[in-house]
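Take a look at the structure below.
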Amino acid sequence: MRRIAVVPGSFDPVTLGHLDVIERAAGLFDELHVLVVHNPDKSALLPISQRVSLLQLAIKDAGLPDNITVASWSMGLLVDYCLEVGASVLVKGIRSQVDVAYETPMAIVNRNLASVETVFLLPNPANAHVSSSLVRQVAALGGDITPYVPRVVAEFLQKAPV
Ligand code: PNS
């Protein structure tokens, strides 16, 4: 049986922390779907289609394995996407206790809804402070985001400042 997993998130924009988790997850599963989902609790910087393009470029540029697919989902529950593609596992990166508190209820609800399990990965400590919200803030105020995001994202945001 093929082991299929989904790494969901806002990816607004994708950071080096995300890329690290994606690379680790790709090594653990036969097929990995990186799924861009709108989070109504966050004000968006980039349109969903742009986030998908930047993820695809960043994954290619980093030479990550070819078992990774990037997609977006706006048709309902995250677990509906999992059922559609035959994924039984969600993968999330955990940087701190704050992430544990945020992710735990979602993991339990997703398991109750569709028996989809959540696996938490510990990212490289070098990325423990990196978040998309921090990147959005630094970019909006004209700061240097190159230490936190893939090259393609830094180039894109420099060309099209937000
Ligand atoms: O990167 P984020 O913003 O922390 O990702 C959160 C996201 C998009 C994964 C989360 O909001 C989500 O799972 N949304 C899908 C809607 C859903 O299925 N909700 C019910 C179960 S939590």
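Just so it is clear, glycine is given a Cβ too, placed from its N, Cα and C backbone atoms.
Per TrEMBL, the substrate site holds Lys42, Leu78, Lys92; the candidate it also names there, chosen from Ser10, Ser131, is Ser10. Considering only the residues assigned to ATP binding, Ser10, Phe11, His18, Gly93, Ile94, Arg95, Glu103, Asn127, Ala128, His129, Val130, Ser131, Ser132, Ser133, the longest pairwise Cα distance works out to 18 Å. Around the Cβ of Lys42 (substrate binding site), a 10 Å sphere holds 12 further Cβ atoms from the protein chains shown. In terms of Cα spacing, the binding-site residues Lys42, Leu78, Lys92 that come within 10 Å of Ser10 (ATP binding site) are Lys42.
Checking the binding-site residues (Lys42, Leu78, Lys92) against Glu103 (ATP binding site) with a 10 Å Cα-Cα cut-off leaves Lys92.
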